[in-house]
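To start, the structure itself, in structure tokens.
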Amino acid sequence: MNSVLPVCSTVHSQLKLLKNYIESGQLLRAHKLFDTIPHPNIRIWTALITGYTSKGLPKESIKLYNEFIKAGDLNPDKYVLLTVAKACGIVSDLNKAKQVHADAVKHDIHSDIILANALIHMYGKCGFPQGAMTVFDSLVLKDVISWTSVIAAHVNSGLSHKALQLFREMTLYGLRPNSVTLSSLLPACSYLKALNTGKVIHGYAIRNGLVDNLFVSSALVDTYAKCLSIMYARNVFHKLPRKDTISWNVILAALFSNGHQEEALDLFETMKLEGADLDSATWNSMIGGCAQNGKSQLALRFLLQMQCSGFKANNMTIASILPACTDLENLSGGREIHAYCFRHSLNRDVFIATALVLMYAKCGELDLSRKIFNMIPRKDIVSWNTMILANAMHGCGQEALLLFQVMINFGYKPNAVTFTAILSGCSHSQLVDEGRAIFISIKRDHGIEPDVDHYSCMVDVLCRAGHLYDAYDFIKKMPIDPSPSAWGSLLAGCRVYKNVELGKISAYKLFEIEPNNPGNYVLLSNILVTAKLWNDASEVRKMMRDGGIVKEPGCSWIPIGKQVYTFVKGDRRIPQCEKIYAFLKETRKKMRLQGYLPKTDFVLQDIDDEEKEEVLCDHSEKLAVAFGILNSNGKPSIRVFKNLRICGDCHNWIKFMAKATLMQITVRDSLRFHHFKDGICSCGDVWKMFYAPIYYLVEKCSSVEVLKRVHVQILIHGLTGETFIIGKFIAFCSLVVDAGDLSYARAVFDRVTKPNRYMWNSLIRGYSNSDNPREGLFLQHQMLSSGILPNDFTFPFVLKSCAFESAFTETQELHGLILKLGFRSQLFVQNSLVHAYVVCKSIDSAWKVFYEIPYPNIISWNSIIDGYARLGNLEHVFQLFKSMRYLKLAPDGFTLAILLSVCSQTGSFNLGRLVHHSIEINGGWIDLIGGNALVDMYAKCMDLNSAKACFHRMPKRNVVTWTCMVDAYAKQGHYELARLWFDNMPERNLISWNSIITSYAQHGQCHLAFDIFRELITSKLKPDDTTLTSILSICGQVGDLITGKKIHQYIVRRCMQTSISLKNALIDMYAKCGLLSTASSIFSQMQREDNNLTSTSSWNVMIRGFAMHGCALDAIKLLKTMVCQGISPDGITFVAILSACNHGGLLEYGLYYLEAMQHYYNIKPEMEHYSCIIDLLGRRGDVKRAIDVISKMPMKADIVIWGVVLGACRIHGNVKIGKVAMKQMLELHASDAGIYVLISNLYSEAHKWGDGRNLRKFMRNKGIRKVGGCSLIEIGGNIHEFMVQDKRHQMSSHIYSTLQHLTDHLMSTTQSHVHFFRTN
């Protein structure tokens, strides 16, 4: 039970008691006491803040300081800032560090040298040397501590050159460095390998009596070791008068790092004999040193000794011992270490997790490697490289390439090791084109100069695929000397593809470079023997004998339990010898019965076939596999390792055994892993001679027609069971743009008995990118039903299909499966999930997934920001953007595009400008995507100058950039400039053409739109639905029936798959051109083609057609049919039906439908609906009721509604209400001439001539002019335009005489058939 806090009456007693609590470690009681003090002074605040820092709770210190600042009663002094600066340094909280610095400046205490030194030290711990230099430069007087702190800040931030420069400046100022200065500076010498500078510092330390300082001497030992001067390191160490644990540890690490492992082991024994204290760092040095120097067994023994001595393994221990398990392929030991990491939460460390990935991969457990990799919360480039390499060594080249692409998409910058790994993957999977593309991109796209490893890997890529002469040419053109690895790859390729000529060239080159390597002689001998060149082969073997070169014997080993068993060819001393050979003999008989014949080509001796079969029987890998099967004790898998390459006959034999025993057999030879299961090997037999040409043909395919011919070859050679090549085949058909054929891929896939995960993923990915993404969802269910679980590559493809289909329920189901299978920590999957929820308009679900991502990347942030942008939620969008920037995540082009899009969408153009300016202020520029968004935003806010400035500043522009500018000029009425920009475009796509045609159409420039359309027809591009829809819209506007019919014929003639929108455009065009029957016929045809026509827009267009022709009852009948078929009308439907009622004078129907849309269909009436009703009332002469409806509207009436009222007042002579309407209209648009004309006509018809004259005089004084009316008529495909009293037409005299004749005729007849179109 907690005791009651004592009551302290004075500040002094309160402070004393508070300090007592802090010193005794009772921080909770100290804080409770603090809370009872009503107005604590600065000393009390300082005491508690210092207490938290000193007791290892720096975050609590910072939190308390925040409360102190918020309280605002007191100003911070130097002592409180000293302790908070220390806390910020401990937790490396740069933002809070900057605030502390700002507070010091604000209260004018930043020049105090003690506080300034603390601030420099704080910035150094936060890795912000710029801040440290700012404080340092502000000091008038600098002491040794100031210089030492700023030097240490630069060393800690990796700026070693700058640190050495500062040290020289310090000596020039006459200040004497102390031991802390030297021990802080020497790591910079180590990093730069600056041996001479280290020696200078060493000399200074000797002269000034600092060399005996343990920190200085330890740093000197480390510097000499890193500079490969182990003799100097020894001298420094042995001259130490007394040695502590740190100095022993440093010299041990120095010896191991310089390859003096025996001396290090002897010194360790000396250390123990002298009674020096051993700590965790000592054991880690021994374990790590042994592991790095090939003494893996000894490293494991030291780990055991460490644990027996009472020390627990830490992060460094695990990171040191895992390479030993990897080297020994000790899977059981690796699993034990993994379990230890899991129990002690060490597997969260990215370094340890990466080491586990490599260990499992090298022990043959690629799936475990993938699982651990997926669980790494914040991957670095090393972890990505390791996973890519793991896939490469297991022959999963496609997965390695996909990982590489994902890594690039996540913003990681590849290094030289990345490209070595990815090229290795291309090599093992014979991905020649991909390998070439990757090699070219190393320097072109990533600015890395290819090194000898990259060139060697590229040679290997070409050789494994059989491109031997290409490889030879590549070697000859290399800008650096070819390595033995490059020539070795060529030699190995010649062995597989039986090329004697190049084999000799590469072998003799290797004899010059590495004359004592027996493998080169053996390979050449094998090539010659295969070609039956026995004499030449004998010469090669003689060269080996004369040079004393002995071939490395083939050896295989297998771990059973905790013991490893080793086998060599023809070994009769092995355990269970009789059982093994009897087993091999029996299996050979069974295999013969099933048609298996030994591949005697692999016996490279001049003996008969029967002897060759006997030779093949006792290869070491067969002995090891047989031993493993006999001792499997029911286990489903065994793992075998071999020091040389597996031979083809053994490869076939193990495939047979995997199928016969239903076991999974993993064999790792000198080149790669082979996973045998159900009679199939993961390598796909890519190195077989008959297989390689087929694979090469698949790789080189450029069309489905060629691929189908290759498919015939696959069937002829019986390769339908080879999952690797069939997988590549399906992937090509599914994924290759423009050349693929998804239906053909599906047909091939359906004939595979047991498709693997790669095949499923390839097909699902193909459907996710197709116009039938729902099939991808169906395939994923089939995949699960077949017993194959999806992986981290499957989910993004399926979620993409969900997003395309807006399939919310399916997205939720996939989310549950992701959680169940443990992929919730895979960033790529999480990002896809966020995007799917965003597209499904479930922002809450998207936010929950995003919130659970431990380290969201730029793609994560873009997805969630896009979600709120789609909702038009400007506030949330910019709050998220600020949070992203706070986390120091740089926005990319997509981020900028989203921000600018939402600014355009919400009309917040000033905010868009601020976004642009903030980027420029921070010294950044934007990529192509962001630049396009910026140009588009300025274009939409009618700021052509800014749009043009952004356009010219963009280093790269594409067709989208140009199209934005064309669209901007067209929308502002600069039609000639728009056309000029369009003509100057370096390239145009269909979107460019559509954009300018649509812009012209929307702004009434129909003749210009027609001109552009005619040019498009004559170009190589063909108009699509968007183009034709825009042109049909123009035809409807101007009543150009002939052009409309031609376009209809064009569609029918080309058998185009017309979309709903295009059919709607045809209906609209015919209705507007007066052919209602044709419009109705097209609509009826749509109903026949789709028994339940569900497109509301189609019904709306037809109803509007009836309305504009005054067929109100037909429009109402169509609406009833629409509702009976279960199609819900929308707001546009009711605009059309109310318009029909208006044109038909059906007031009761109009009022009924206005009421029905609200109560039956839950549609809120908009301005357009009210406008129709008010017009209907006005036509009936019920102007007062119209005014009553306006007063009850939930929104303020616009100029259109008041114009309707004014028009009605004119017709019915209601001057009083007309004046009210005029007043309202003038408030909304005072310069509209039409308003004055209407009211003038009203005055005239009411015989108020004086009011009319005054109004016209007011118009003249204000310069307001009426817009002249014009009418258009289409004859023979030409549009003729007429103004009032127009005599410009070439047939004007004939026209006027005809008009007079018609006028006279009208006096005697009441009917006249004139087909014309009028626009006012």
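Glycine is no exception: its Cβ is also placed from the backbone N, Cα and C atoms.
Because TrEMBL annotations are produced automatically, they should be read as predictions rather than curated entries.
Copied from TrEMBL, the annotated features are:
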DOMAIN    595-687  domain 'DYW'
REPEAT    143-177  repeat 'PPR'
REPEAT    244-278  repeat 'PPR'
REPEAT    279-313  repeat 'PPR'
REPEAT    380-414  repeat 'PPR'
REPEAT    415-450  repeat 'PPR'
REPEAT    756-790  repeat 'PPR'
REPEAT    857-891  repeat 'PPR'
REPEAT    958-988  repeat 'PPR'
REPEAT    989-1023  repeat 'PPR'
REPEAT    1095-1129  repeat 'PPR'
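Under 8 Å from some Cβ of the repeat 'PPR' (415-450) lie the Cβ atoms of residues 381, 384-385, 388-389, 391-393, 395-401, 404, 407, 457-458, 460-462, 464-465, 467, 671-672, 683, 686, 692, 695-696, 699-700, 724, all in the same chain and six or more residues away from its ends. Nonlocal intrachain contacts for the repeat 'PPR' (857-891), taken as residues 6+ away from its ends with a CB within less than 8 angstroms of a stretch CB, comprise 95, 409-411, 827, 830-831, 834-835, 837-838, 841, 843, 846-847, 850, 898-899, 901-903, 905-906, 908, 911, 919, 924, 930. For the repeat 'PPR' (958-988), the residues of the chain that approach it from at least six positions outside its boundaries are 928, 931-932, 935-936, 938-940, 942, 944, 947-948, 951, 995-996, 999-1000, 1002-1003, 1005, 1008, 1012, 1021, judged by C-beta separation under 8 angstroms. Remark: secondary structure over the repeat 'PPR' (279-313) totals 26 helix, 0 strand, 9 coil, with classes taken from DSSP. The average pLDDT computed for the repeat 'PPR' (279-313) is 83.
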